[in-house]
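Contents: one structure, followed by commentary.
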Amino acid sequence: MKFQAILAPLAATLFHEASANTFRQRQVDNLTSRIEAETTIALQGVLNNFGPDGSEAPGASAEVLIASPSTENPNYYYTWTRDAALTLKMVVDEFLHGKGDLQPYIRSYVKAQAIVQTISNPSGALGSGRGLGEPKYYANLTRFNGDWGRPQRDGPALRATALITYSRYLLSTGIDSDGTEAGNIWPIIQNDLNYVAQYWNQTGFDLWEEVDGSSFFTTAAQYRALNEGAALGKQLQQEVSAYESQAPNVFCFLQTFWNGNYAVANINVKQSGFSRSGIDANTVLTSIAMFDPGASCDDTLFQPCSSRALANLKQYIDAFRTIYTINQGVSRSGTGVATGRYAEDVYFGGNPWYLTTLAVAEQLYDAIQQWSTVNTITIDDKSLAFWQSVYPSAQTGSHTKGGYSDFTKLTDAVLAFADGFVETALKYTPENGALSEQYSRENGTALSAHHLTWSYASFVTMRAARLAVTSDYGQVPSWGSPSNPKVPTTCTPGSVKGTYKPAVAAGAPSDAPSCTYLITFNLNATTSYGENMYLFGNSSDLGGWRVSDALAGSAADYSDARHLWTFTVELPAGAELEYKFLKKEPSGEVLYEAENRSLAVPDCGDESPGEQTMEEDWNGPVGSETE
Ligand SMILES: *[C@@H]1O[C@H](CO)[C@@H](O)[C@H](O)[C@H]1NC(C)=O
Ligand SMILES: *[C@@H]1O[C@H](CO)[C@@H](O)[C@H](O)[C@H]1NC(C)=O
Ligand SMILES: *[C@@H]1O[C@H](CO)[C@@H](O)[C@H](O)[C@H]1NC(C)=O
Ligand SMILES: *[C@@H]1O[C@H](CO)[C@@H](O)[C@H](O)[C@H]1NC(C)=O
Ligand SMILES: *[C@@H]1O[C@H](CO)[C@@H](O)[C@H](O)[C@H]1NC(C)=O
Ligand SMILES: *[C@@H]1O[C@H](CO)[C@@H](O)[C@H](O)[C@H]1NC(C)=O
Ligand SMILES: *[C@@H]1O[C@H](CO)[C@@H](O)[C@H](O)[C@H]1NC(C)=O
């Protein structure tokens with residue numbers, strides 16, 4: 001167990017006073033055994049989804065982690081940057097806990113991400129950094145041109161965090177004595193951090209790929225990445241001023257999601273008619289993503305044990321107590337129930353998800369770790385309702401460990417409450433232990449994508465958090481969250497333009513174009529409701545003349561005065577291309593222009609990306625086919 005040394009074991013375990021024979025203890029032991037059995041299945045479930053040899057990932061490129069083997073209804077046979085990064089963070093944490101045989105997967109991930117960063121896609125390319133915000137790629141590491149909620153700006157931040165955790169391990173153990181491995185990984189992290197520093201203050205799609213706005217989860221992930229990235233960069237003697245200058249701005253912005261009662265999942269929402277409460281698993285996943293075992297119960301950092309995060313958690317859980325049939329009969333507050341993404345969800349019938357139910361437990365186990373480290377629980381007006389739901393006689397005030405205080409009773413109550421969510425997830429896990437995305441709100445049967453990588457990863461991280469409080473397993477390393485960070489009095493928007501380079505030493509192709517042009521096509525085209533404009537052409541960036549791969553235009557600036565459709569395409573400098581516009585009718589009929597247009601992208605100047613705008617007029621329709 002040579003890796004154990006860098007983990008801080010939490011000295012006190014919670015059961016020192018409990019008699020091993022009590023009913024509660026037998027229940028706990030029973031759950032522990034079932035968790036261990038499921039963990040073996042879950043970890044293997046993740047590895048099965050790794051290409052090219054994973055049993056569930058046939059045809060996936062080497063090093064690619066697919067989201068699920070499901071190829072229809074829904075088709076998740078893609079690699080998502082977010083899902084892969086969250087899963088790899090789990091893999092790195094397990095590796096740090098002594099699972100040495102996981103290192104090849106981490107190294108494979110590094111290589112795959114070096115390649116992924118260079119794949120130009122509908123969000124853009126590496127030259128401007130915009131391509132890093134693309135949510136997903138085909139399992140054979142090619143671009144996916146279909147309509148999608150893009151960009152999604154959490155991916156680069158989460159990938160940076162997974163790679164930073166691994167790099168810190170490399171540097172702290174001296175295993176990478178000349179710093180070569182960490183040095184090769186840094187350019188990947190640097191591209192991602194540059195992306196965050198440049199684009200954090202622009203909207204994008206949330207982690208559920210539905211809402212175009214600013215997501216609490218994304219903003220928090222960005223803050224953490226900038227913070228720990230600056231620290232790692234300094235250690236590697238790299239330029240980090242952009243990260244240090246933007247981190248306080250992101251931190252300030254993060255505070256604005258709090259509405260007094262809970263963190264609102266999405267703000268700055270662009271879609272009209274958007275009306276949700278904002279109570280969403282997004283925020284529970286945020287507290288886990290922000291968890292630092294070395295932090296105090298800080299509200300501004302939304303630490304799992306903070307009053308804000310606990311109040312938020314209660315609002316979240318209670319939103320599901322009455323809406324699911326399977327929760328009926330367990331609606332007493334203080335009991336674990338099935339939870340989903342958000343109460344208004346209708347995707348696949350709007351069911352509970354395994355990963356969101358397990359996230360509740362994980363936040364609470366994380367919180368217990370933090371209270372046990374600081375030896376104190378402080379109950380205030382904000383967190384009182386949470387506490388009274390798990391421990392009815394709870395009162396505001398501080399409870400310090402030892403003496404006559406309620407500290408142990410409080411943490412025991414939280415542990416039992418958390419265990420109730422794991423019991424719920426296990427109750428609705430099929431006998432073979434396979435974890436899908438969802439389980440039915442009506443009867444608990446597994447639904448939607450099967451063998452979901454993220455479901456499996458969430459089980460393993462939940463288990464590690466639980467073991468950290470019930471055994472001498474050890475904690476995840478601190479990410480160096482600041483203590484008592486000061487929230488700026490006024491929030492400042494911000495952006496630092498970054499430079500982006502293929503991480504060749506880590507495995508990026510050496511001929512990947514790093515110099516690009518952002519070409520904006522302003523197309524005048526009169527359309528009626530349900531008609532959409534597309535662009536396609538003779539390169540892979542332009543869909544290779546395939547209607548199904550044509551790039552969708554945006555009608556965001558369309559008005560009665562100006563019938564404007566816009567396309568922003570990032571193309572390699574010096575390319576010569578042919579293209580034309582298409583109109584898709586609501587019936588599926590495709591109308592296209594007769595004449596092909598041509599374009600010569602200028603050669604690379606001093607600065608990448610160059611920018612150019614083309615003014616165009618729809619010249620169709622003349623041809624027609626049905627898609
Ligand atoms: C846990 O308890 C259940 C119900 O009493 C029992 O069926 C199961 O075998 C136990 N599992 C383990 C691993 O002890
Ligand atoms: C990659 O996979 C997609 C989806 O299966 C397929 O359409 C495409 O042809 C593949 N591309 C290559 C280069 O194999
Ligand atoms: C940009 O930052 C400012 C200051 O925090 C904030 O008011 C604004 O909503 C942010 N916009 C986006 C899209 O992040
Ligand atoms: C369980 O509920 C789902 C809908 O949520 C339904 O499709 C399925 O048929 C039900 N299964 C059983 C065994 O009742
Ligand atoms: C696209 O067409 C242009 C002009 O005919 C040609 O020069 C170029 O090589 C073509 N590009 C590709 C990728 O086929
Ligand atoms: C012109 O466009 C069509 C697609 O509409 C394409 O099939 C054809 O190859 C193009 N012609 C040339 C000369 O590039
Ligand atoms: C597009 O429409 C605007 C406003 O009607 C007009 O000023 C502009 O000249 C048009 N562009 C082209 C290329 O026709």
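Keep in mind that glycine also has a Cβ here, set from the backbone N, Cα and C atoms.
Here's what TrEMBL has on this protein:
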- ASP206: active site, proton acceptor (ACT_SITE)
- GLU209: active site, proton donor (ACT_SITE)
- TRP148: substrate binding site (BINDING)
- 604-618: compositional bias 'Acidic residues' (COMPBIAS)
- 511-620: domain 'CBM20' (DOMAIN)
- 598-627: region 'Disordered' (REGION)
- 1-20: signal peptide (SIGNAL)
Sort out for me which one of ASP206, GLU209 has the most neighbouring CB atoms within 10 A, since those are the active-site residues we care about.
ASP206
For the domain 'CBM20' (511-620), provide the mean pLDDT of the predicted model.
93
Note down the number of other Cβ atoms within 10 Å of the Cβ of the residue listed as 'substrate binding site', including every protein chain shown.
18
Taking only the Cα atoms, work out how far ASP206 (active site, proton acceptor) lies from the residue listed as 'substrate binding site', in Å, as a whole number.
12
How many Å separate the Cα atoms of the residue listed as 'substrate binding site' and GLU209 (active site, proton donor)?
8
How many of the residues that make up the region 'Disordered' (598-627) does DSSP mark as helix, as strand and as coil?
0 helix, 15 strand, 15 coil
